[in-house]
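Peer 1: Pasting a structure below so you can have a look.
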Amino acid sequence: MITESREHLASKPLNSESIIRLDTPDDKPSLECESIPSGGHISDVSGGPVSTEVKDVNDVSEFEKCAMEEQTHDEVPISASKITVVVAGLVLAVFCMSLDSTILATAIPKIVSQFHSQNEMGWYVSAYSLTLASFSLAFGKIYTFYPAKIVFLITLSLFEAGSLICGAAPNSLALIIGRAIAGIGGTGMYLGSLLLVAEILPFDKVPIITALLAAMYGIAAVVGPLLGGAFADYATWRWCFYINLPMGGLTFLFVFFFVKTGNDRKRAREANNIVSRFLELDPIGVALLIPTLICLLLALEWGGATYSWHSWRLIVLYVVGGCCALGFVGVQIWRQDTATLPPRLLKNRNIWGTILFTFCLNGSFVVLAYYLPIWFQSIKGVSAIQSGIMNLPLILVMVICSLLCSTLVTKLGYYTPFLYLAPIIASTGAGLLSTMHVNSGSSVWIGFQALFGIGLGCGLSLSIVAAQTALPPQDIPTGTAIVAFTQTLAAAVFNFVAQNVFQNQVLSGLAQAAPGVSAAKLTKAGPTMLREIVPADTLPAVLEVYNTAITRAFYVAVGSAALAIFGAIPLQWLSVKNKKIQAVTAHA
C-alpha cells in the first residue's frame, strides 16, 4: 500500500466523500474510524498534528464516524439487468405485503359464513396488523447485525408460510395463526426491501425505487378490495392468500440468485459464541417492546367500540402496556448504542424530524384513504368496488407525483424542498375535501383528491430517503425500521382518532336530526346499506348527518398534514449525491 506524505496530507481537505487514512510503517491504520469535528485536527502516529480542516458539505457528524466503511453497493457491483430483475421482485414482495392489509375487506363475509366465526372475524385483520407493527423495530436490530439478503429471504419464507397456512386453513384459529405469521414475515420483508434497494443501487438512485415501493401501498389500497371481492364471489376466498405464493416465489428466486451483497453487518460475527450474538440483539428490549405495542394497538382498537374504556380488559392493557413501556425505555437508556432504539439516534434532528413528519403526513393519508370510500358509499350510494374506482384520482396522482419528485431528487440531489411542499399542499387538499357536501359533483371530489395526492406524492416516500441519507451505513437498518414503524403506528393512532370523531358526530347528529333511527344498527350494517335501512322520508337528514361526520373526520387529516411541516423544518439540507463514504487509499 502506498501512503501519502504528511506534507501533502496537511494541505488536503477532508470531507464526507474523501476520507484520508494515515498508515503506520507496519501497514496498520493509525487513524481509526472516529468522529472528526468540523474544523478540527487529526494527529499522526507520532503525535504531531496534521492541520487538516474538515470541510463536510453536509455537516453531518454521523458520516464521519464511520469514514472507513464503504457502502455495500460500491463493494459488490451488480449489473443493470440484474438490478431491474431484483427491483421487480422487491416490488412484488411489497405489493403482496400491502395487499394482505386490504384484500380481506370484501372477503370476510364469505370466511365468516364458512367458519361460523362472527365473534372472531376482527382477528382476521388484527392478527396481521398487530404483528406487522410490533416486530418492525426488532427486525431493524436484526438487519443491523446480519446480512440483509439472508434476513430478507427468511422473512419472505415466513410470509409465504403464513399465506399458505391461511389459504389451507381448516378452521378460524388456523387462519388467525397464519395471519400472525404472515404479519411477522411481512414487516421484515418490507424493511428488507428498503435496505436491499439501498445496498444494490447508487444512493442517488434510491429515491425513485423507494417511491415505487411506497406506491404499492396506494395501489394495494384500491386493488385489494377489488381482488378480494372477485375471489370471494367467483372462485374462493382462499385465493386471497394463495395469490402471494407465486409472486413471493419469484421474488425469492430473484434475490437468491442475483443479490450478492458484501455487507454482512459484521458486528454480530465478532461475538465469541451464540449467547453473545444473541445478547447483541437486545432480547430484553425486544421482549418488552412487543407486548407494549400489542397492548397499545389492542387498546386503540377495542376502546369505545368493542369494550368500554373503563372495562377491566382495557385497564389490564393500560397497566401491562405501561409497565412494559417503562421497562423498555429503561433498557434502551442502559444499553445505549446496542439498544433496539439507540437514544443517540433520537437526538439527531434529522431522525426525530423525520419521525414527526412521517407520523403526521402518513396519518393524514390513512384517514382519507379510509373515510373517502365511506363518503362515496354512504353519500353517493355506490358499491364498495365503485368507491374504490372513485378513489383512483388520489392514488394515481400520488403515485405519479411520488415518482416525479423522486426523479427530481435524483437529478438535484436535495429532497428537503419537497418535504416542505408536502404539508402545505396536502393540508390544502384535505381542507378542500372537508368542504364537500351531499350534492358535490365529480369535478369537486376528483380535483380535491388530486391536490391532496400531489401533497402526499411530494413527501410520503421521501421520508425514508431522508432517514437513510442522514445516517452512517451501520445505522441505516435501525433508521429505516424507525420510519417504517412510525408509518404503521400512525395508521393505528389516526384511525382511532378519526373513528372517534366520526362516531361521536353520528351519534349526536342522529339524536337531533333523526331520533327514530338507530345509530348502532346503521354502524353494524355499514355505509352501503344506508339507503335500505333508513326510511325515505328521513334519508336526506341522515345523509346530512353522515356527510358532516365524515367531513369532521377529514379535519383530523387537515390538522395532521399541517403539523408535518414541523417535522420538515428541522431537517438539514443533505444531498443524496454525497451519500458515499470511502477511504482514499492507493494500492500498489
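Cβ coordinates come from backbone N, Cα and C, glycine included.
The region 'Disordered' annotation in Swiss-Prot covers 1-28. Annotation source Swiss-Prot lists compositional bias 'Basic and acidic residues' at 1-10. Sequence annotations record features per position, and here Swiss-Prot assigns transmembrane segment to 85-105, 120-140, 150-170, 208-228, 239-259, 284-304, 355-375, 389-409, 418-438, 444-464, 478-498, 554-574 (among others).
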Peer 1: So which of 208-228, 239-259, 418-438, 444-464 is most in touch with the transmembrane segment (478-498), counting Cβ pairs under 8 Å?
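Peer 2: Looking at each of 208-228, 239-259, 418-438, 444-464 in turn, the most contacts to the transmembrane segment (478-498) are made by 444-464.
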Peer 1: Under 8 angstroms, Cβ to Cβ: which one of 120-140, 150-170, 208-228, 389-409 has the largest number of such pairs with the transmembrane segment (418-438)?
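Peer 2: The stretch with the most close Cβ contacts to the transmembrane segment (418-438) is 389-409.
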Peer 1: Please report, as numbers and ranges, the same-chain residues at least 6 past the borders of the transmembrane segment (85-105) whose CB is under 8 Å from any CB of it.
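Peer 2: Distant Cβ neighbours of the transmembrane segment (85-105) are 78, 111, 124-125, 128-129, 132, 156, 159, 163, 182, 186, 189-190, 193, 196-197, 200, 209, 212-213, 216-217, 219-221, 223-225, 227-228, 240-241, 243-244, 247-248, 250-255, 258-259, 384.
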Peer 1: Which residues, given as numbers and ranges, are at least 6 beyond the ends of the transmembrane segment (554-574) yet have a Cβ under 8 Å from it?
Peer 2: 58-60, 349-350, 352-361, 363-365, 367-368, 371, 414-416, 419-420, 422-424, 426-427, 430-431, 433-434, 455, 459, 466, 469-470, 494, 497-498, 501
Peer 1: Does the transmembrane segment (389-409) reach the transmembrane segment (208-228) with at least 3 CB pairs under 8 A, where each pair is 6 or more residues apart?
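Peer 2: Counting Cβ pairs under 8 Å (6 or more apart in sequence), the transmembrane segment (389-409) reaches the transmembrane segment (208-228), since there are 3 or more.
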